[in-house]
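Asker: Can you read through this structure? Questions will come right after.
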Amino acid sequence: MSSPDLRMVPVAAGAVIAAAIATAGHRTWWVFLAAISLCLGLLALLRGHVAVTIVALVTLTVAVTAGARQEALHHTGVGAVSEQRAMTTARVVITGDCRVVAAKGPRPQLAFLPARTVQVTTRGHTVSQRAAITLSGNDTDLLCHTAVGQHVEVTGRLAPVRPTDSQAGRIAVKNLTVLTQANWLDARVNHIRDALVQACRFSPQRQRALVPSLVVGDTAAVDSQMSEEFRATALTHLMAVSGANLASTMTLLWWSGSWLGLRRGWLRVMSVLGVVLFVLICRSEPSVMRAAAMGIVALSAAEVSFDRSAGIRSLAVAMTILAFADPWLVRSIGFWLSVAATAGILWWSTRWVKVMQWATQPVAMALVVPWAAQLATQPLVTSLSHSVSVTGLLANLAAAPFVGPATILGMSAAIAASLWVPLGVPAGWLAGWCVQPVLWIAHVGATAPAGQLQWPVTPLALGVLAGICLGLAWITPWVLRRWWATILALIGVVLASIIRPPVPGWPGEWQVVVCDVGQGSATLVNAGHGAAVLIDAGPESQPLHDCVADLHVNQIPLVVLSHYHADHVGGIDAVLTGFGVDQAIVSDLDSPVTTAKELQHRMSEHGIEVSRAAPGEIRTVGEATVEVLDSPLIEAEEAGSGESSKENDSSVLVRASSGGLRALVTGDIEPGGQQAAMRRHPDLGCDVLVMPHHGSARQDRRFWTATGARLAVASAGLDNSYGHPSAKALNLARELGMQTMRTDRDGSIAIHSSGDSLATRGTHGAMG
């Protein structure tokens, strides 16, 4: 086996470092880097160090070109005008597909549409510049009924973006008018993509969603549950354009060309045309260009059986070209995931395949490629998801045989249907049934009891994880060389995904547990003998299910839902069956109306008695007592600042007790609601305060003082976009002498009272 050719690695390193520094938004940094590179290059040239000269020259070139583009984008033209944050009329060209972010809690549904400016007029001043920009707004019908290539005129407020972004600004759109239709090429690409959707129209809904997503990156029909299942099983690369898509498309072209009798030279020409076609159909967006580059690297390496010498060199060349062509790409986690996965496959696959002499090469490749990719990318993936996918290897191994046929059939369906829709329907229908096993695999893997293991995201923890991955890579050849060891390892992975490993010492003695459910809230109060009271249910079912299971709770006779925001009720399905829920107390305000009605209907279908919270009401369940302190009757014109504040201040304020420990669970009440609660119920005394609204900055000091709490707990998701818990809330707690804990860092938090002291324990190891 040849040694890896690492000569291009320093060149690639210099290019990506230069691109990252030049796009960081600090002019001094890239100018300094350019000067250092110039001096180093001249010195190396004088001393005859050719390799160092080349590295310095590439670094200098990328630093200067990327820095100049960064300056032009953010400090001239549209970028400069955006700092005024003024109303704007702009002529733009649509450059990508509309992306819709579903409503979550008080945040409304949002649509985002990439575009390129032609002309921008603000306060009588007109700027003509071609610059990337994002259109956004709540009106999805307005934004999403556009087509790539259309020239449109928009009116809205132009605002700046982060200095590291690859756009010049963002317009919050109020009005949009189509001026001209797309040119011939864009219209043809739009037609092919739409034709694929039409070719799949006779397939079940999830098949209709996955085939366009897998083949051309059209995720418009993918729902949040499907996204979560694919994320949990490390299959998200199948819901977007990836290098594997290009490899499958090239395989189809090579097979077709070979069948037609084309020689190798013509096959290479056809491959180049195929790459161009792939990029056009999947849109020439940065993520597609990255996928195409990595796919070409894999294909070129495949011709020499994934030889590390050629593969690593090709990867370094691709990184250098991408850093020069689109310097902002190196700031994307997707770029580094692609690089890591490709590098892992190139570095390990050849050796691992060769030691599996007991298996055929296709079987060996099917096993080692996903394993190499997972080991190489796991620290990066964990830094995003805060978990390790145990089922990822098995899911990718099981899904691999279906991805190639589905991609080939899907692309064939798109091209055929673009000529005549009925012509593409058979291939589209077959592609749908090719992805159906992938859907089953994702669903089963996501519901595995231990499919994901939570992992702390700290430099030390990620370093430990990286060390574990390297250790596994070191022992992998020994395992793969022996068929019986390989089978035992696969059985071990299956068992590990079924049996949840206990957290040492968890939960110990507990009276109240604030569950780690991400950006949401769910609190369990110990009622004794395996029973508990649940106050709110978090945004999703799986985290709540895991929390309940780890506490060995098997009965939840009473559920209290503070209000109907998704981050407080979205996970209720986890306990509706199998836990003996008899009664539910809900907010008096049925808003959002659709969510409230649907949830009440589902609970009634399960035989649960639903009652509205009444102030002064006390319920006793075993050793637990729940006291409703406040449940305001809020009218639409109250709570002053709009619907979200009205809904937040409608939260049921509950004081729950167990074994002498009192916890005040506050929902999302804001300062107005906190002040009203004090007026109506001055006695707010408790031991534990679950911070209002996940510890947002909107707090009333007198309310917190009135609680007299010794511990304040923030229930929030790690790195959430709201900034919860806020520094203001944490500082307020400390000023009042309260100990603080937070689920985003401490995990689920178990609290136990013994006399005058509170004992706390988090699943991530924190103790107090």
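Backbone N, Cα and C atoms are what each Cβ position is placed from, and that goes for glycine too.
Per TrEMBL, the features are:
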- 519-694: domain 'Metallo-beta-lactamase' (DOMAIN)
- 748-768: region 'Disordered' (REGION)
- 6-22: transmembrane segment (TRANSMEM)
- 52-68: transmembrane segment (TRANSMEM)
- 234-254: transmembrane segment (TRANSMEM)
- 266-282: transmembrane segment (TRANSMEM)
- 328-349: transmembrane segment (TRANSMEM)
- 393-421: transmembrane segment (TRANSMEM)
- 427-445: transmembrane segment (TRANSMEM)
- 457-476: transmembrane segment (TRANSMEM)
- 482-499: transmembrane segment (TRANSMEM)
Asker: Same chain only, please: residues at least 6 beyond the ends of the transmembrane segment (328-349) with a C-beta under 8 Å from a C-beta of the stretch. Say none if there are none.
Answerer: 4, 16, 19-20, 23, 164-166, 242-243, 286-287, 289-291, 294, 297-298, 301, 306, 308, 311-312, 315, 319, 322, 365, 368-369, 372-373, 375-377, 380-381, 384, 473, 476
Asker: Counting only residues 6 or more past its boundaries, what in the same chain has a CB within less than 8 Å of a CB in the transmembrane segment (266-282)?
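Answerer: Hits for the transmembrane segment (266-282): 185, 189, 192-193, 216-217, 241, 245-246, 249-250, 253-254, 257-258, 288-289, 291-292, 295-296, 299, 411, 414.
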Asker: Other than its close neighbours in sequence, what residues sit by the transmembrane segment (427-445), given a CB gap under 8 Å and a spacing of at least six beyond its ends?
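Answerer: Apart from its flanks, the transmembrane segment (427-445) reaches 196, 198-204, 206-208, 210-211, 214-215, 226, 229-230, 232-233, 235, 238, 391, 394-395, 398-399, 402-403, 405-406, 409-410, 412-413, 416-417, 451, 497.
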Asker: How many helix, strand and coil residues does the region 'Disordered' (748-768) contain under DSSP?
Answerer: 0 helix, 13 strand, 8 coil
